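I have placed the structure first, in the form of structure tokens, so that the comments after it can refer back to it.
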Amino acid sequence: MPANFTEGSFDSNGTGQMLDSSPVACTETVTFTEVVEGKEWGSFYYSFKTEQLITLWVLFVFTIVGNSVVLFSTWRRKRKSRMTFFVTQLAITDSFTGLVNILTDIIWRFTGDFMAPDLVCRVVRYLQVVLLYASTYVLVSLSIDRYHAIVYPMKFLQGEKQAKVLIVIAWSLSFLFSIPTLIIFGKRTLSNGEVQCWALWPDDSYWTPYMTIVAFLVYFIPLTIISVMYGIVIRTIWIKSKTYETVISNCSDGKLCSSYNRGLISKAKIKAIKYSIVIILAFICCWSPYFLFDILDNFNLLPDTQERFYASVIIQNLPALNSAINPLIYCVFSSSISFPCGERRSQDSIMTFRERTERHEMQILSKPEFI
């Protein structure tokens, strides 16, 4: 996922007094020479350059290689489920994040200044923000789809186009909400002599409301929707599991049990829900520190110290980590469960109805296309 950069405002002497952040470029935190208690440190682009480049290269390799493996895995499957579709969309978004956000940030670290024309500056910033929104909205779409799969399973089976509609809406909103970036950002020579792709505000007071709106559109509103969706899903699963245990314990008619079992939530769906929740938790862990830091910083609630600058370097890199972690989560959940072939037939003859049902669900679960 894309991360951000931070813009400093200056006093009459050109000394940076404020560090404002904006989630518009992957793992970017820009600050300028700041003086605190007689100590001076320089621009973010020239500070910790080696360490930042090593971190960015590692993130880039893991993001591109990991998501390429995921895309190849989903492409070669004969049976494409709706969950596979969403996994593919998430991998595509993360891959573009690596190419558009992390790679351009690596180039930027090498050059220090922004060397490309103003048009390139605006286009790059626009694409970075599009991916920022898309990464979040794809997760919202996934949560809505899982909600329908568990709470309204019959409508879910009849609505195959819903997944594609959700993704189209997610990307459309991402492109729409990112349009202001084309106007706000441009190539600019800063007071310290650096040439950067920067926000062209009439006044620094515009920065706080802009970042507040972005924070709500990118993080807080989507996170609220996701939390509500999965809260209902977990509650539904818990209720159905309790009902299932009660019915099965009192069930003696095989046909009746079989009929009832068809209305239950399969372990394949349960595993898909677990995968989705872990993906969401990774998103929260990677993005929460950034947005909390960003809000506190924009409302001047953080002290102007060197420690804050060091903290920003670490925190602003966390969102990019999300795109590298997602493929690892997929690999963990897509591991297959094998059964000894020679023992299957003999075991089938002595299995109870419940054991056969559970084993059938495990066989479904072991197939990657059902994840």
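Counting begins at 1 with the first residue displayed.
Glycine too: its Cβ is placed from the backbone N, Cα and C atoms.
Here the candidates are Asn13, Asn250, and Swiss-Prot annotates Asn13 as N-linked glycosylation site.
For Cys197, the partner cysteine in a disulfide bond according to Swiss-Prot, taken from Cys121, Cys251, Cys257, is Cys121. Relative to the membrane, Met154 and Ser334 are annotated in Swiss-Prot as lying on a common side. Counting other Cβ atoms within 10 Å of each Cβ, the lowest count among the disulfide-bonded residues Cys121, Cys197 belongs to Cys121. Distant neighbours of the transmembrane segment (124-144): 1-2, 23-26, 86, 89-90, 93-94, 96-97, 100-101, 104, 116, 163, 166-167, 169-171, 173-175, 177-179, 181-182, 185, 197, 217-219, 222, 225-226, 229-230, 276, 279-280, 283, 322-323; these residues of the same chain sit at least 6 beyond its ends, with a Cβ under 8 Å from one of its Cβ atoms. Counting same-chain residues at least six beyond the ends of the transmembrane segment (276-296), those with a Cβ under 8 angstroms from any Cβ of the stretch are 1, 3-4, 21-23, 90, 136, 139, 142-143, 146, 211-212, 215, 219-220, 223, 226, 230, 302, 311-312, 315-316, 318-319, 321-322, 325-326, 329, 333. For the topological domain 'Cytoplasmic' (234-275), the predicted model reports an average pLDDT of 65. Counting residues of the topological domain 'Extracellular' (104-123) by DSSP class, helix then strand then coil, yields 14 helix, 0 strand, 6 coil.
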